[in-house]
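Structure record follows, encoded as structure tokens.
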Amino acid sequence: MTFLARLSSSTGDLSTKLVDYVQLTKPRLILLFLITTAAAMEVAGQGRVSPQLLLITLGSGTCAAAAANTINCLYDRDIDAVMERTRHRPLPAGRVAPWEAVFLAVLLAITAFSLLAAFANLLSACLAMAGIAVYVGVYTHWLKRSSPQNIVIGGAAGAIPPLVGWAAVTGELSWAAWVLFGMIFVWTPPHFWPLAMLIQEDYARVQVPMLPVVGGDRVTAQQIFLYTLALVPTSLLLVYPCGVVSWGYGVVAIALGSWFIYRAWQLTQAPAERERARRLFKFSILYMMLLCAAMVGDRLLLPHLSAGLNALGALLK
């Protein structure tokens, strides 16, 4: 084999390995965490967050979430090898060794903590580590294989990114930060359970007691509906009593929440209809993205609108 051929082969192997490492981190899951983090930062900073702090916090959040997801893949590699949708992942497929996953996770966690501690503050760095600990210790290790409430309690890990973002900007956690935490916490079950309904056969095969497996479709649909009912008033707490966003955001939150409730109600009418569960799962993602966009838009646009109206009023005097 010529030198160029060996070089080409090595480059190809490295490229494949990097792709496997990225797959370990579940990048599609991370995007939504970053959106909620950025929204929390803009609300906390009232639309005046420095681009440097925003980029560092989002980069650190990416590393922290990637570390947690990598450890999750490592721990679950036995059941991933059995489940149809996960058996081709790098660890169960044998493309990545367990020690590589451990090394990658530790490196990512250290990077996340170091960046936040150095360029934001210690509180945000510790919160990021707490997110990893809750996801790995509470959800993955303790609850996922033992309780149908696994995603409810363990879902607290997914609600920590807004706390990290808020703390990075302010150095503290106000009531508004905890409302953001509560919003993600309440949103997680009606987001995840429709997906669990779609793949419940896989969960049953590996004896993971997700609610659709243990309680059935009807009970799951009813629980989803109850959580969506609780989500709308929770999202409005940012308007009152917290007062960190205006009723411009509130109108969007009511509209999105009403449609979410309607979609969830539709599922209760036909719990076994998989297409309704699929549509609800997809809408839950869109709901959170648009809600965060409404927060950011409210904080970025409202001050300029107020200034413009004041200037217009001065001209008309």
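Using the three backbone atoms N, Cα and C, a Cβ is placed for every residue, glycine included.
Per Swiss-Prot, these features apply:
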- 29-49: transmembrane segment (TRANSMEM)
- 53-73: transmembrane segment (TRANSMEM)
- 102-122: transmembrane segment (TRANSMEM)
- 123-143: transmembrane segment (TRANSMEM)
- 151-171: transmembrane segment (TRANSMEM)
- 179-199: transmembrane segment (TRANSMEM)
- 224-241: transmembrane segment (TRANSMEM)
- 245-267: transmembrane segment (TRANSMEM)
- 283-303: transmembrane segment (TRANSMEM)
Dominant neighbour of the transmembrane segment (179-199) in 53-73, 102-122, 151-171, by Cβ pairs under 8 Å: 151-171
Remote residues contacting the transmembrane segment (29-49) - C-beta distance under 8 A, at least 6 residues beyond either end: 57-58, 61-62, 65-66, 69, 158, 161-166, 168-170, 174, 176-177, 180, 184, 238, 244-245, 285, 288-289, 291-293, 295-296, 299-300, 302-303
For the transmembrane segment (151-171): best-contacting stretch of 53-73, 123-143, 245-267, by Cβ pairs under 8 Å: 123-143
